[in-house]
Amino acid sequence: MWLRVILLAMKALQLAGALDLPAGSCAFEENTCGFDSVFAFQPWILNEEGHYIYVDTSFAKQGEKALLLSSDLQAEEWSCLRLVYQITMSSGSLSHPSRLNLYLRFEDESFDRLLWSTDEPSDSWLIASLDLQNSSKKFKILIEGVLGQGNTTSIALFEIKMTTGYCIECDFEENHLCGFVNRWNPNVNWFVGGGTSRNSHSILPQDHTFKNELGHYMYVDSVYIKHFQEVAQLISPMTTAPMSGCLSFYYQLQQGNDNVFLLYTRDVTGLYEEIWKTSGPENPVWNLAEVEFNAPYAMEIIFEVAFNGPKGGYVALDDISFSPVHCQNQTELPFSASEASCNFEEDLCNFYQDKEGPGWTRVKVKPNMYRPGDHTSGLGYYLLANTKFTSQPGYIGRLYGPTLPGNLQYCLRFHYSIYGFFKMSDTLAVYIFEENHVVQEKIWSVMESPRGIWMQAEISFKKPMPTKVVFMSLCKSFWDCGLVALDDITVELGSCWSPEKLSPPPGECTFEHDECDFTQERRNRSSWHRRRGETPTSYTGPKGDHTTGVGYYMYIEASHMVYGQKAHLSSGPLRGVTGKHCLTFFYHMYGAGTGLLSVYLKKEGDREEFLLWRRRGEQSISWLRVQVEYSCERQHQIIFEAIRGVSIRSDIAIDDVKFQAGPCAEVEDTTQQSSGYSEDLNEVEY
C-alpha cells in the first residue's frame with residue numbers, strides 16, 4: 001500500500017510545479033509552508049522524501065482526528081482553492097470510512113464554517129476545487145482528517161493551492177487540468193493537446209494561450225467514431241458559491257457536417273440546460289464564444305461534442321474564463337430570492353390578493369390554550385384565512401407571490417397551521433400560475449396534519465416560463481370550515497434536497513439529526529432529552545418542535561425530576577473573538593408549575609459562570625424567540641440550565657439554537673431580546 005502511495009505522490013510532484021506558491025498554498029516538498037498540526041489532535045506527518053503529508057492507522061486509532069491549520073489569509077479578490085488528496089481504506093471497512101473535511105475559520109466568528117467534505121476512497125489522487133468569495137475578513141484554512149476503520153486506512157494531502165480567479169476557469173497548462181474531467185467513452189474522449197502530444201491522426205492547431213506548440217489545450221477527435229451520435233463530455237468542477245456573469249472560451253472546429261459542439265449546465269439533481277451551441281460552419285481558427293452564465297446554486301458546466309461519423313474532424317477548446325460583468329448587450333439584473341420571501345412582521349411584502357375580497361388577513365394573536373402565536377417569534381404577525389365567516393361555501397382565498405423567472409430551480413418553504421376542519425384535505429393548497437394566470441398546476445396540498453401546530457412544508461420546482469406561487473385556502477361546505485394560518489414563506493434558489501441544504505448552516509443546531517456539539521456531564525432520567533412530538537405529561541411542554549413541527553427538540557421531563565432539580569446542556573467550545581456575539585434560540589415554557597430556564601457563559605479557566613438571560617414560570621403555549629448579545633475574547637461555552645418547578649407540569653424545551661458573529665439584529669421588544677441580567681435575579685434557585 002505504501003509503495004502505491006509513494007508512486008502516487010511522485011505523480012503529485014508533477015502537479016506542484018514551481019515551489020514559489022501563493023499564500024495559502026503548499027506542495028509539501030520540504031515542509032508544510034506555514035500549515036501546522038493542531039497540538040490537541042493527532043499530527044499530520046510529512047513524508048521523509050517529501051511530496052505529501054499523511055495520517056494513518058499505523059499510529060492513530062479509528063475515529064481519531066488530525067487537524068492542519070494555515071496562517072492568516074485574505075481573499076480580497078475571488079479565489080479558487082484546490083486540494084489534491086487521497087483516501088485509502090481497508091477492504092470491508094465501508095461502514096466506517098475515513099473522512100476529510102475542509103473548514104474556513106474567520107477571525108470574527110467563534111465557530112468554523114464547513115466548506116467541503118468527502119469520504120470517497122480512491123486508488124489515485126483526486127482534486128477538489130472550491131470557490132472562495134472575495135472578502136475583507138481574515139481567515140484560516142482548517143483541514144480535518146478523521147480516520148475510519150481498518151489497519152491500512154490512510155489520508156494523504158499532496159497539494160493545497162489558492163489562486164486568484166474562479167474554479168471554472170482554465171488554460172489547461174497544468175497537469176491537473178483545473179479539476180476538469182473527461183467522461184470516459186470507449187470510442188471518443190477529450191485529450192490534452194499541444195506540447196509534445198502527438199496522439200491524434202488529425203493535424204491539430206497550436207494552443208491559444210501561448211500561440212505556439214509549447215502550450216496546451218483540450219481536444220476531441222472523430223477518427224475512432226464507430227456509432228451514430230457518439231458523444232464526448234468535458235466536465236468542470238462544481239461551483240461552490242453563487243456567481244453570475246459572462247463565461248467565455250476559445251474553440252476551434254475542423255468542421256464537416258458531422259459534429260455538434262454544445263455547452264450545458266448541470267445541477268446537483270442532474271438537471272441539464274443547454275446554454276450555447278455552434279450555429280453553423282466555422283473557420284478553422286480560434287473563435288471566441290461568450291455565454292451568459294448564471295449559477296445561483298451549485299452546478300457544473302459540460303462541454304459536449306456529438307459526432308455522427310468518423311469524418312467529423314476535431315473540436316479544440318482553450319482559455320475558459322469568467323467575469324462577473326454581464327456579456328455584451330446583456331443588462332438583465334440577477335433575481336434575488338429574498339424578494340419572494342416574507343415573515344409578515346411589517347406587511348405583506350411582495351404578496352397580494354384577489355380584488356374580490358380579503359381572503360387572507362394579517363393578524364397578531366396573543367397565544368392561548370387554543371391558538372399559538374406566530375412562527376417567527378411566537379409574538380409577531382402571520383396570515384389567517386378565516387373561512388368560517390366567509391359569505392358562501394366553496395369560497396377560495398388566493399394569495400399571490402411575486403413573479404419568479406423561468407428556467408431556475410426553486411426551493412419553497414413555508415409554515416402553516418390548521419384549526420377546526422373535520423376534513424383537512426385541500427384546505428390549503430399551493431399552485432403554480434403562469435404569468436398570464438391562464439395555466440395553473442397544483443404542486444402541493446394538505447392531506448392530514450396535526451391541528452394547532454406550525455408545520456413546515458417544502459417544495460422543489462422548476463418551470464421554463466416565468467411563474468407565480470399562489471396559496472389557496474378553501475372552504476368546501478358551510479358545515480366544515482375553519483382557520484388556516486400561514487407564516488415564514490421563504491424562496492431559495494436550488495433544490496430543497498441538495499446536499500448543502502440538508503445540514504444546518506455553521507453555528508446552528510436544530511437537533512434534527514443529533515445534539516450537534518452539545519454535551520451533558522451526566523445522562524439519566526433527569527437530564528436534557530432529545531424528543532419529537534408532544535411530551536408525555538398533559539398540559540405542559542410543546543406539541544411539536546419549532547423547526548418543522550414534526551422534528552426534534554431538547555427538553556426536560558419534569559415527571560422524572562424533583563422540585564428544584566437542575567439539568568445542564570453545554571455547547572461545544574466556542575473561540576473567543578473581539579466584538580459582540582449574538583445567541584438566538586427558541587424556548588417553550590408552558591405548564592402551571594413551570595420552573596426556571598437560564599443561559600450562562602462559562603469562560604475557559606473560570607470556575608464561576610456568568611448569567612446572560614433568565615425566564616421564570618409559565619410563559620406561553622408557543623415557541624418564543626430570544627436573542628442574547630454578549631462579548632467574550634476567551635474560549636468559552638454557553639450553558640442552558642433548566643430547573644424543575646413545583647409540579648410535574650414543568651416541562652421546559654429549547655430548539656433552533658444559532659450562534660452568530662456581531663451584534664444582534666434590531667428586533668421588536670416582543671421577541672424578548674435580552675442582554676445581561678433579566679428580571680427576578682435575586683433568587684437563582686428554588
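Indices start at 1 and increase along the chain as displayed.
Placed from the backbone N, Cα and C atoms, the Cβ positions cover glycine too.
Caution: TrEMBL annotation is automatic and unverified by curators.
Look at TrEMBL and you will find 1-18 tagged as signal peptide.
Sequence annotations record features per position, and here TrEMBL assigns domain 'MAM' to 24-169 (among others). Per-residue pLDDT, averaged across the domain 'MAM' (24-169), gives 90.
Here TrEMBL flags 168-329 (among others) as domain 'MAM'.
As annotated by TrEMBL, domain 'MAM' applies to 340-498 (among others).
The domain 'MAM' feature in TrEMBL is assigned to 507-666 (among others).
Using a Cβ-Cβ cut-off under 8 Å and counting only residues 6 or more beyond its ends in the same chain, the region 'Disordered' (524-543) has close neighbours at 450, 452-453, 511, 514-515, 550-561, 565, 567-569, 588, 590-594, 623, 640, 642, 644, 648-651, 653. Positions annotated as region 'Disordered' by TrEMBL: 524-543.
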Key: Helix, strand and coil counts within the region 'Disordered' (524-543) (DSSP)   = 0 helix, 5 strand, 15 coil
